[in-house]
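Student: My questions all concern the structure below.
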Amino acid sequence: MKEEIRLRPGSADDFPAICDLLGTVFHEDYSGELKEWEAGIFEADRSLVAEDAGQVVGHTVAFTRDLTVPGAVVPTAHVSGVGVLPTHRRRGLLTRMMHRQLREIADAGREPIAALWATETSIYPRFGYGPAASRLFLDIMNREVRLPAPPAEPSGRLRLIDPVAELAELSKIHEQLRPERIGWSNRDERWWNYHLADLSSLRDGATKQSAVLYEGPDGATGYALWRVKGGWTNHGPNGEVVVREVVAADPETYLALWRFLLGIDLARRVSARLSALDEPLLYLVDEPRRLGPTLVDSLFVRLVDVPKALSARRYATAVDVVIEVTDPILTENNGRWRLTGGPDGAVCARTEDSADLVCSVTELGAAYLGATSIAGLAAAGRVRQLTGNDPTIAFSWHRKPSPTEVF
Ligand SMILES: CC(=O)SCCNC(=O)CCNC(=O)[C@H](O)C(C)(C)COP(=O)(O)OP(=O)(O)OC[C@H]1O[C@@H](n2cnc3c(N)ncnc32)[C@H](O)[C@@H]1OP(=O)(O)O
């Protein structure tokens with residue numbers, strides 16, 4: 001009789017087989033430097049494998065990190081490394097792994113939400129993950145856009161640095177800004193090393209990673225990371241600056257960093273793949289159209305513990321609303337919840353009162369970071385508003401999410 005495919009916790013011994021699987025499903029070479037890179041952040045005790053006759057045929061892992069949400073920093077299971085071998089796809093293995101992983105996160109009780117980046121947008125809503133943030137891919141014609149002049153007497157100056165040698169500086173700025181930046185994940189030393197690792201297999205024909213720091217009288221206030229893909233045509237230089245990250249504490253720093261990136265010689269394009277929907281660059285340049293923005297989904301959020309998650313974040317205005325939630329996977333979330341609170345905090349408790357709105361846990365995940373409008377979801381028929389008590393403004397936030405890394 002054919003043995004059933006079983007799910008079991010992963011272990012450090014499974015790591016080579018997991019890398020082989022990830023290499024197969026993501027069409028990458030996960031041997032050598034990529035394998036070493038992944039080993040630096042692998043959490044064996046939070047990995048889940050599907051095993052068929054001794055072979056690892058499916059995998060997922062939840063990384064232990066925090067996420068900044070409106071008004072709070074919340075422990076968040078960062079789900080990643082999801083794959084099922086092509087020989088075993090569409091037999092419900094992902095479904096089994098997602099259900100088991102969510103149950104384990106819920107039972108552990110530490111993380112009220114989970115988050116992930118999806119390779120394909122349609123995969124995760126069925127498991128309660130809602131598209132909670134969007135990003136802009138920018139494809140900038142750098143010679144066609146003008147930025148305002150820098151201040152006559154700038155308070156800081158730019159210095160090219162080795163990002164690994166000056167990790168402490170980068171980390172300090174990141175930590176100072178993180179509590180306010182929706183969608184940012186904390187980076188301990190392992191995650192900084194992972195983030196800054198400059199693997200040749202990830203350069204896609206570009207130079208090694210470069211970095212610049214903006215330093216004012218009281219210390220560094222921002223940095224940028226980028227690479228350049230050199231190129232020439234019959235018309236001359238045609239390089240592309242590939243921006244990885246721009247972190248700035250204030251408008252002067254932000255302007256200085258982008259002036260620098262847009263002005264790099266021998267480049268005719270500047271690309272950035274993690275720009276926020278309210279990216280200040282949109283409001284700085286004279287020709288935003290020449291930024292070539294394309295809208296793409298980014299972070300998906302799953303409320304694992306609905307009352308805990310809803311009371312963990314803050315709200316833009318006073319809110320007192322009853323939400324009827326459906327969650328076919330974590331059924332303890334089913335039912336009516338009264339959310340009361342505002343800018344200083346919130347509480348959420350089970351109620352028998354009648355509902356103002358009805359939705360699935362996926363829509364709550366989509367609205368959680370303040371970027372997806374509840375009224376918009378209602379207009380799409382995804383949320384049912386039963387009364388005029390509309391929490392759309394309360395759920396929104398003054399800045400859009402700006403996740404800085406695909407984990
Ligand atoms: C957070 C991350 O790591 S994102 C990375 C996701 N991984 C990848 O993209 C790697 C390549 N793909 C794969 O490894 C697999 O196809 C997976 C993991 C996406 C899906 O695994 P499977 O075991 O085939 O999924 P499963 O059989 O449980 O399918 C569940 C449902 O999702 C649907 N589904 C699965 N994959 C996809 C997809 N790529 N696009 C659209 N729908 C999908 C199935 O059709 C099925 O729908 P149904 O219930 O209506 O029939």
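From the backbone N, Cα and C atoms, a Cβ is placed for every residue, glycine too.
According to TrEMBL, the record shows the following:
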ACT_SITE  Tyr124  active site, proton donor
ACT_SITE  Phe407  active site, proton acceptor
BINDING   Val82, Gly83, Val84, Arg90, Arg91, Gly92, Leu93, Leu94, Thr95, Thr119, Glu120  acetyl-CoA binding site
DOMAIN    5-150  domain 'N-acetyltransferase'
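So where do these features actually land, and what's packed around them?
Tutor: When Cβ atoms from all protein chains are considered, those within 10 Å of Tyr124 (active site, proton donor) total 23, not counting its own.
Sequence-distant contacts of Phe407 (active site, proton acceptor), defined as residues of its own chain at least six apart whose C-beta falls under 8 angstroms from its C-beta, comprise Phe63, Arg65, His78, Ser80, Trp117, Ser185.
All chains included, 13 other C-beta atoms sit within 10 angstroms of the C-beta of Arg91 (acetyl-CoA binding site).
Mapped onto DSSP classes, the domain 'N-acetyltransferase' (5-150) shows 51 helix, 52 strand, 43 coil.
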Student: Could you please provide the mean pLDDT value for the domain 'N-acetyltransferase' (5-150)?
Tutor: 97
Student: Of Val82, Leu93, Thr95, Phe407, which recorded positions come close to ligand 1, meaning Cβ under 6 Å from one of its atoms?
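Tutor: Listed by sequence, the hits are Val82, Leu93, Thr95.
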Student: For the acetyl-CoA site as recorded (Val82, Gly83, Val84, Arg90, Arg91, Gly92, Leu93, Leu94, Thr95, Thr119, Glu120), determine the largest distance between any two Cα atoms, in Å, rounded to the nearest integer.
Tutor: 19
Student: Do you know offhand how many angstrom separate Thr95 (acetyl-CoA binding site) and Tyr124 (active site, proton donor) by C-alpha?
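Tutor: Spelling it out, the Cα of Thr95 (acetyl-CoA binding site) and the Cα of Tyr124 (active site, proton donor) are 10 Å apart.
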